[in-house]
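Asker: I am attaching a structure below and will ask some questions about it afterwards.
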């Protein structure tokens, strides 16, 4: 069989050697549970699998960032450039912020806040104008969606959904089906729940199933003495499906991942065309489906499981479902709040299909059922639906809600601020004209390819949210300078900003999976690079087609 380890050692699985009496020697038994489940569910990059050289690199990277960010900004500000002072100042500050984001010298949201503060201090724009995007309804969409996701995680509704899918007939009988089923679960959950939260929630289940498979390998004599259960190819495929599937599923809805909301807000502001929740889902679904099929194929080909047929997974899933028991009152309340919110998000799109987007009914419904307002009202239901009326206990309390990812919300706000200032100062147009002339970008396909490539490169080195905040405002004026409708290139950049499959630092979900200790970085790079390339091709081929089918853009 092919190698299990990915570090170059010859650790192929073999049957036990034959003794002189014809019987096989019993291999030394490895404690699979301790190897896979004995540590914390998530071990951060600074806690697990970092060699001394890697630790030194991380320290140096952050130290370099602290020095490099202000130095680069000051050098750019001192250059004798033929551009308005406000544009040069903003560009210098953004260069410093990008350096902070790439090196992670400070937490990524803090890097954005530093940039906002310096922008006001340097007189680029008044504080009131700079901070105005924090009042955007999209910020409240974030807050409401995060609170709903927090309730799903707290009460175990997401985990129950995962076990329900895994218990479908035949799913737990082969390793390939288990990997694909986990991908389906992850994609569907991450369309509405934070990608990172989805992966963190499903990781213990994935490790439990991997332990069952590892024990089966050991019992069949397919493991060498002293083998490492954390270095199974089926484990590589399962864990990478968990990380990458979340990124793919996040593209399915506007609220699936922060880059979607940032890109949509910037596109709507630049083009004046609203992208409804339903329009986004219709556009994204075929792309996500194609990407998922390609993802499953790549992972199972590059990480071919050691065995195909398995026993024990169905029993494990059945035992876990039995342990969960019946739906609790809190789970039912969460389901009600979630269903109400999603229904109201989709309802304006249904009205548009029936009455048309120019009708008074649609204008009234879409105006009043603003996605931010719907998200906040849906989340508020969690504080109104009781789990125990006698003691006045409700589905969620404020201490639970306060645990949502406020850092992402702050980063979203700063991203919108930078995008608005790029437009207001004219810097985006200057960059667009210069890029168009230098690269010779004159048609929609070339500009879209440039947008996708730039977004993927940046998302590999910094956060997806920061990638969208940087790339989309640049792509829009590049398209305008070439006389091309910016809708497709900007939306392509938004989708590509959710890539970043090669490195643990590319996305939080990559870091969570890598921190489990079950995926060597060489496997992540090889699988991630393959999916980056094919995913980019799918966006270039399918996105313009779906935008035309749905009737978006000009």
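Cβ atoms here come from the backbone N, Cα and C positions, even for glycine.
All annotation found in TrEMBL is predicted automatically rather than curated by experts.
The shown structure was predicted, so the numbers you read here are calculated from the model rather than taken from an experiment.
Grabbed the feature section from TrEMBL, which reads as follows:
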COMPBIAS  1-26  compositional bias 'Basic and acidic residues'
REGION    1-28  region 'Disordered'
TRANSMEM  63-81  transmembrane segment
TRANSMEM  110-128  transmembrane segment
TRANSMEM  134-153  transmembrane segment
TRANSMEM  174-193  transmembrane segment
TRANSMEM  237-257  transmembrane segment
TRANSMEM  277-302  transmembrane segment
TRANSMEM  335-355  transmembrane segment
TRANSMEM  367-385  transmembrane segment
TRANSMEM  406-422  transmembrane segment
TRANSMEM  438-458  transmembrane segment
TRANSMEM  465-484  transmembrane segment
TRANSMEM  529-552  transmembrane segment
Asker: What residues in the same chain, six or more past the boundaries of the transmembrane segment (110-128), come closer than 8 Å to it by Cβ-Cβ distance?
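Answerer: Distant Cβ neighbours of the transmembrane segment (110-128) are 86, 89-90, 93-94, 96-97, 100-101, 410-411, 413-415, 417-418, 421, 424-425, 466, 469.
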Asker: What same-chain residues lie close to the transmembrane segment (438-458): Cβ under 8 Å, and 6 or more beyond its ends?
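Answerer: For the transmembrane segment (438-458), the list is 466-468, 470-471, 474-475, 478-479, 482, 484-485, 488-490, 492-497, 499-500, 532, 536, 539-540, 543-544.
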Asker: Restricting to the same chain and to residues at least six past its boundaries, which positions have a Cβ under 8 Å from a Cβ of the transmembrane segment (335-355)?
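Answerer: For the transmembrane segment (335-355), the nonlocal Cβ contacts are 144, 148, 151-152, 157, 192, 255, 276-279, 281, 327, 361-362, 365-366, 369, 371, 374-375, 377-379, 381-382, 385, 395.
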Asker: May I ask which of the stretches 134-153, 237-257, 367-385, 529-552 has the most CB pairs under 8 A with the transmembrane segment (406-422)?
Answerer: 134-153
Asker: Are there at least 3 C-beta pairs under 8 angstroms linking the transmembrane segment (134-153) and the transmembrane segment (367-385), leaving out pairs fewer than 6 apart in sequence?
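Answerer: Checked: the transmembrane segment (367-385) vs the transmembrane segment (134-153), in contact.
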